[in-house]
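Trainee: Residues annotated as region 'Methyltransferase' in Swiss-Prot: 64-801. The domain 'Alphavirus-like MT' annotation in Swiss-Prot covers 85-306, and the record cites sequence analysis as its basis. Taken from Swiss-Prot, the feature coiled coil covers 547-575, and the record attributes it to sequence analysis. If you look up Swiss-Prot, you'll see 823-982 marked as domain '(+)RNA virus helicase ATP-binding'. Marked as region 'Helicase' by Swiss-Prot on the basis of sequence analysis: 853-1113. Summarising the annotation, Swiss-Prot assigns ATP binding site to 856, 857, 858, 859, 860, 861, 862, 863. The domain '(+)RNA virus helicase C-terminal' annotation in Swiss-Prot covers 983-1145. According to Swiss-Prot, the feature domain 'RdRp catalytic' maps to 1406-1519, an assignment based on sequence analysis.
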């Protein structure tokens, strides 16, 4: 189930995408939903709820601007600290920049303290603080530096008035701020008019920050912030202002592009849709969607915030600047006072010396897919240079092209032509000659000049380097060379004059050498360094302390509340032993500490009531029973009682309620009782006395004195058993209530015994600790108990119902008090029945009851027998289970009996005992009687005064189970007078019938099955990943467990899974399910587990509940696991022998299946040589062995090709692999076996041209709809059995998991790594590749034709993950519905194929039809595609999946990503699709069905484009090729041979039956393969790898040609070769020779030679394993 978890994680990743959720919304109202749709919808809903819950915990920020969903998602990702939403109610200029400014302000404020703090917002928008944070002390410095600033101020004043006059409610703080601002503006304007200094306002001022006159009150912390406000302020002025105001912490942000550090003068700010531009020492910022005035700032002052790290203020304080976050186009920085470090270094000497410090930082550079290229042109007669950012791929392509050419081929025009051709998306005759980003064409001419000059210079430079390396590498050393080397080492190789000239050139800005045309790759980062040299040191001032008296006061109040509550509880403890009082007090005090947490509703309640609870007293102890819920009332209690508060909690807080502390008399636990004299335990009583409603601990009564009458003894034992069972249940109820009152049950998050729930009824009715769901209530009784004593009593319960469904979780009609509900009180039928029986039993007639038993196997139709043989006018029917009773009632009603009579006389046994009939009956029926106690049946007979009971049951299934382990029963089984065996089953699949017969569980005749299902079982254990419960798949099927504990665990595991049900094996007896998962979770042995002492009936019941499939999940590979594993391998023909239809209706040749035919091999003679084999090949295919094709692949790869091709694009700039030579075996046989090709661009184009682009066009006018309808209808009469056609939902967890388990690890990893959602997957795009292995030709065409490689068109792995499980399920359904004489080759070996033809009698003659199709995959048209989809519809495909599948098969794009080929294909079968083999097979079946009388076929087998059909001799068969061409577009030919063949295997009669044996000519051709490559560089490696490779080939050949040692097979094959290939000699000698070389590995190695450095190597056999599909 690790796979299942991996598949589940994949779905969770899908629902993270917004588009998936949108698609789910669009399909929410669809009526054709799939199970996969429901699963994803549920996951998406849970995911959205989780996101919503997390978002609600964040600060909500409404940015108000109109934003797209993409922009809003980008903001949420950029600022995850906030819950960003937009009401889309505003539209303005530079929207993203404005929204980002709001979020940046909130983000910076979240990093600064607010309480008892003054915040200077440098250049901030004071209006924002006034409107939304008027209670915070924020002062904004908004200087008027130009007219633009004055205009912004007027905008803010207008917005203030608009906000103030909108008529909505306002806070008092805002009103005060508004009045203050209005007064300040009047004073300021008056001062400006008078020419005097303006006054200051605590909300804002119009001065620069360094001149701000605002002084807050003392005792508050001072911090500052700046949001896009430092552009016009030098860093020095900023720190001077901070120093003057005593501010030690400043956090700000500004726009920045890292490309400024690279000298770029203009660029974009993509996130805010803006740009920057450097012009004359200034930097400008502007926005593309904004027409307002832009901003211009000093560039050097701006860059100081990036480059500087230390700044010394005017009075010596040192501030350190750090860039700490980059979000979008905004960079955040911190400016903190770090003077403390400089002062800490003051020493006697160091105080006179400066402090020096050095730091560095790395600025990351985005978009490194570009390079900087110098471009040149002439302007006004001068060469002008410009450095431009260009795509790295384009520049590298040009450089690589120059490197591939010789010096004399380096021409400007050629290079320019290449750059243009690779830059323009032009298709000429289907060939595209560019791939990559498009560059402006006027840049290409400049780029070509730069690259050409660069290449010429680099080549000259490389020549000099080579010369110098050759000279320095000389082994001859002279004194002159030594002196030259020493001189160069110390003075360099460049002369002093040259170095001086280069220095002067740099000073003058003159470029020279490689500086002119170097292509610069963008760095990953820019390193910035800064240092500090400090003489003067500032002074440190302390930060004002914060008064936390309010927080301390709240903590002390909480502590005092706890102490006060504890003291009040101490006063309520009466006299008693010190130890008892202490222990009780500790328990109560601990609860008080827990409950006094004021963060919970209960804590707040106790804290508020703890003072008043001390003063409240009640006058009598009766007040505690009134249900008023007093918090801490005083009571008069005995020495064994304690007092504790009763807590009243509202229903909404029920999950947070700690355990109740209920005052009651403390009693001893059950384990303390050691004698029967205990007053708390009722002594053993007469088993015939009724059980009252009091819930007590009772002892079990003694067993009755059994009389000699067996039936009477059974009746008494049954009554005794009921009494014991009731006493045990009552004792369990008593214990649960005591555990609750003793606080042993204290955590509602944990499970309660017997699924108990506790209800308090009073002024407020509430569930304690946890509340049930509506599905968990419906109890018929509950236990009422008191708070102060041990009185417990059963009381009936009523519930509010509507249409028999419970509508609420609170019962009706209960008085005040405590109530316990549990599984034991749900029905209480046994208690009611017992009390009823003990009253009426003495008066019942003691008549003897005759027992007649219909002993039938599972699914034999016992209920149907009752329906046919019961007369409800004279008999009644009793049954054990409610479901079986309801089913019988329904069927009797359908038969015509009145509904009232059916309800009266078809009853459950419990219903009958509680409400018996007054009328007497002579006989009655009892369904599943063996599950009941014999005494129950006898009592029912006496209550009916009956003489005979007709019982239905299975003696091998689970009998009556004693639920009271403390007692032993002797008379639970009844004596059968008449027994009738039924050995037929309508339910069980044939493999289960086969298993039951094989195990001999049932005596007498073998069981016969009527089911059409053959293989239905599967196993999962450690070897397949099932190791624990977490690996159990969650599927909508029925789960069976052996134990009740396992049932509970599985139920929890499957909670919420729609359609999943769970029961024990015992509970499932008599029931039927379509799909079953049988589960064993315990590794330890148990008597019920397979192999245990009582396991047989459980095994039978567990295996016989399903009709379609059973999967056994076991953590232990026990006996049942081994049996089922072996059962999976049983052949279908063996299973069919258990079928009733096979015994009444003869299958083809079934009359011969009981005949044992002696089939012994006749060993072939050990004679022959290679010459004989070679002679046969040369005479069969003359001229093929003389052909040398060794250099064909190289010639094609290295020569020019001239092809006409259309509907494709070609990227010729893809890398081309060189032709490689490898060490290969040298075969001694010379055949036309094509060499293994090496992939290349030419091979890919050839394969595409000769295969996918050469489709037949033979189809005439066709009425597709009519042909499809008629053919499908005919197919279901000729090919399929209607009753086996399955149209249930295709997409299930089970089918997806089975498909997933078959995938390779690589494929799984690829699918898990693909995070695309369904709307992002292009199902119409396929990958294209070529197979390196060439299919051998068994004709003369290799002499004149260069065979094109086979092409593979395959989708992406994620597309296979979408369609694969569906197609796999459809194929399985199709195969299971085929008729017995129709077969599909599903990777069958020769032996498996031979089994399909076993029923054919070799003496019969047949009309054989073999059709050879050409270009089969490529011949597919819309007729084939829709025909196959129509078939898929009949087996469950529908809805959106059907549409996607049809779309993926119509117009498709195939891409060869290795060699840059892209083609466009209409229809065709994609050879790498998940349904390729199945679709090809079905197309062949339908086409031949339309052209041939398939209803007369005796035997037909299909596999892809291969088919073999046998008709009775004399059947008139017209040549179908004409209709196949004109109607089905197939280019084919009909072949007539005496010996038929299928998939390269001849159907030959050997040993009295037909066999499929592989074609020997195909093997001989393969033995001439000259390209069996061996990896290795040394002799030992070549020998080792060669031995392994030859061993694999030999093992594969022996598996496929194992019968070649039989002379009878070789003789029959010799006849087949003469019939098919027409050699002019008898092939027997060559076949005997071939058999000789296959008998041993040593003989097989004689077929090949290999030489290493002239030495022939010998090879040893290495034991290897090969795959089943590995065929050589």
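Each Cβ is built from the backbone N, Cα and C atoms, and glycine gets one as well.
I'd like these features described in context: how deep, what's nearby, how far apart.
Mentor: Around the Cβ of residue 859 (ATP binding site), the number of neighbouring Cβ atoms within 10 Å comes to 23.
With DSSP classes pooled into helix, strand and coil, the tally for the domain 'RdRp catalytic' (1406-1519) is 45 helix, 33 strand, 36 coil.
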Trainee: If the ATP site is taken as the center of the Cβ atoms of 856, 857, 858, 859, 860, 861, 862, 863, which further residues of that chain fall within 8 Å of it by their Cβ?
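Mentor: These residues sit around the ATP site: 954, 982, 985, 986, 987.
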Trainee: Provide the number of Cβ atoms within 10 Å of the Cβ of residue 857 (ATP binding site), excluding the reference atom itself.
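Mentor: Taking all protein chains shown, residue 857 (ATP binding site) has 26 Cβ neighbours within 10 Å.
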Trainee: Return the single residue from the binding-site residues list (858, 860, 863) that has the minimum number of other CB atoms within 10 Å.
Mentor: 863
Trainee: So, three-state DSSP: helix, strand or coil for residue 857 (ATP binding site)?
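Mentor: Going by the DSSP assignment, residue 857 (ATP binding site) belongs to neither helix nor strand, so it counts as coil.
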Trainee: Near residue 856 (ATP binding site), how many other Cβ atoms are within 10 Å of its Cβ?
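Mentor: I count 22 other Cβ atoms within 10 Å of it.
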Trainee: For the binding-site residues 861, 862, work out the Cβ neighbour count at 10 Å and name the residue with the minimum.
Mentor: 861
Trainee: If you average the pLDDT over the domain 'Alphavirus-like MT' (85-306), what number do you get?
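Mentor: Reported value for the domain 'Alphavirus-like MT' (85-306) is a mean pLDDT of 86.
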Trainee: According to DSSP, folded down to helix, strand and coil, what is residue 863 (ATP binding site)?
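Mentor: It is helical.
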